[in-house]
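Have a look at the structure below, then the notes.
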Amino acid sequence: MAPRTMYDKIWDAHLVEMAEDGTGLLYIDRHLVHEVTSPQAFEGLRMAKRQVHAPQKTLAVADHNVPTTDRSKGIADEESRIQVETLEHNAQDFGVEYLQMSDIRQGIVHIVGPEQGFTLPGTTIVCGDSHTSTHGAFGALAHGIGTSEVEHVLATQTLIQSKAKNMRINVVGKAPEGFTAKDIVLAIIGEIGTAGGTGYVIEYAGEAIRDLSMEGRMTVCNMTIEGGARAGLIAPDDKTYAYLEGRPRAPKGKAWEMAVEYWKTLPSDPDAKFDKEITIDIANLPPLITWGTSPENVIKITDRIPDPKDVADPSHAKSMQRALDYMGLTPGTPINEVKIDRVFIGSCTNGRIEDLRAAAVIAEKAIKAGRKVASTVNAMVVPGSGLVKEQAEKEGLDKIFLEAGFEWREPGCSMCLAMNADKLAPGERCASTSNRNFEGRQGRGGRTHLVSPAMAVAAAIEGHFTDVREFGN
């Protein structure tokens, strides 16, 4: 057999049959379901008098519309409340496990899956959400699907797919001070653009990737979709096994030993051929930040706002000018002088315990210097799950954030997207640890800059973007 990539191996292991048109029918091992993209799918099953084919391989959790403030009052918005209630009823009717809002395990679906050991190497994982790519951090082939596909997977536990091409991105060099997993993925998207991965599954490799914790790897894979690819993969290793061992839905005993032996066969063969390879050296990079309305609008925190006049391509210059107008920015302005109104720390990109610890380090540094969140800034920390929140509170992180002037919230997608009560007002500028900075993403007229958790805290204290490496000096 010819050398194969990790993607090739997982595809081959799950291929039921190939059609004459070149598409393949893949078996799906895990299906994550949330309240926004599942109602029509379940209703389709009802109308066709079908059942969920493998309820034990399906896990449901509400995250997009849930409130992050006092939940004893329920969900104020009627549409959001109906969506959450509908998910609960559908889960009950079809025998699917549902983690309700009062469950300590509830949270953002892409944080809950790994926490529960539902996410495993070598599996195929789908969800009606584009950031399903997060689970690729475990060496799983994971990607988002549409509502009609959600119904198809519920009914058959299979999915019709066209095989993608293979891309490998090698991230080399030791991460310098202040440079995090979020900065790595921003560097990648800044390099390849939002269409650079179109048609590919990306495998992330190299020293910098291997050095990352599992939380950091999830951050990188999470934003694969922002680089244009449908799925991202990182080869499983000892860090992967250590993270998963003992998780509620991970294999136990002899089954665990057998699973690990299989997982060790997943990494790409040494001579495997990739359709495209890219190398990015991060050794001398400062922290990064987005300036515009696309995740590819990435600059260094030491840079100035770019000028469309410096761009030769007229269409590119026009899109830059539109972004500048929307963002209310002037070319040539140092990005570290741009003032902010809001800070959001959370999301499926940066809402894990490691992210909150990194943020708390900077917040505690501010407290010791007699400082707190600037009076002109409203800042919130939203844990990615109830278990993350519980762990953070055990470590006293909530007290640090509260003392520093941050709001400490309940878990959920929150301000990552304008589908719940946490939104930006028109014209408000936000330092956000989420994954998208599109026009209106966090609220109509809201202006989003993507940064790491540490950078977000530093901006909250200063009242403007700042180089976290110099914070407090």
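Every residue, even glycine, has its Cβ placed from backbone N, Cα and C.
As recorded in Swiss-Prot, the features of this protein are as follows:
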type: BINDING; residues: Cys348, Cys413, Cys416; note: [4Fe-4S] cluster binding site
(request) Using the centroid of the Cβ atoms of Cys348, Cys413, Cys416 as reference, list every other same-chain residue with Cβ within 8 Å of it (recorded [4Fe-4S] cluster site), in sequence order. (result) Asp63, His64, Ile108, His110, His131, Gly346, Ser347, Thr349, Gly351, Gly384, Gly412, Ser414, Leu417, Ser434, Asn435
(request) Measure the Cβ-based neighbour count of Cys416 ([4Fe-4S] cluster binding site), defined as the other Cβ atoms within 10 Å of its Cβ. (result) 29
(message) Please report the three-state DSSP label of Cys413 ([4Fe-4S] cluster binding site).
(response) coil
(request) Provide the three-state secondary structure of Cys348 ([4Fe-4S] cluster binding site) computed with DSSP. (result) helix
(request) Ten-angstrom check, please: count other Cβ atoms within 10 Å of the Cβ of Cys413 ([4Fe-4S] cluster binding site), all chains counted. (result) 30
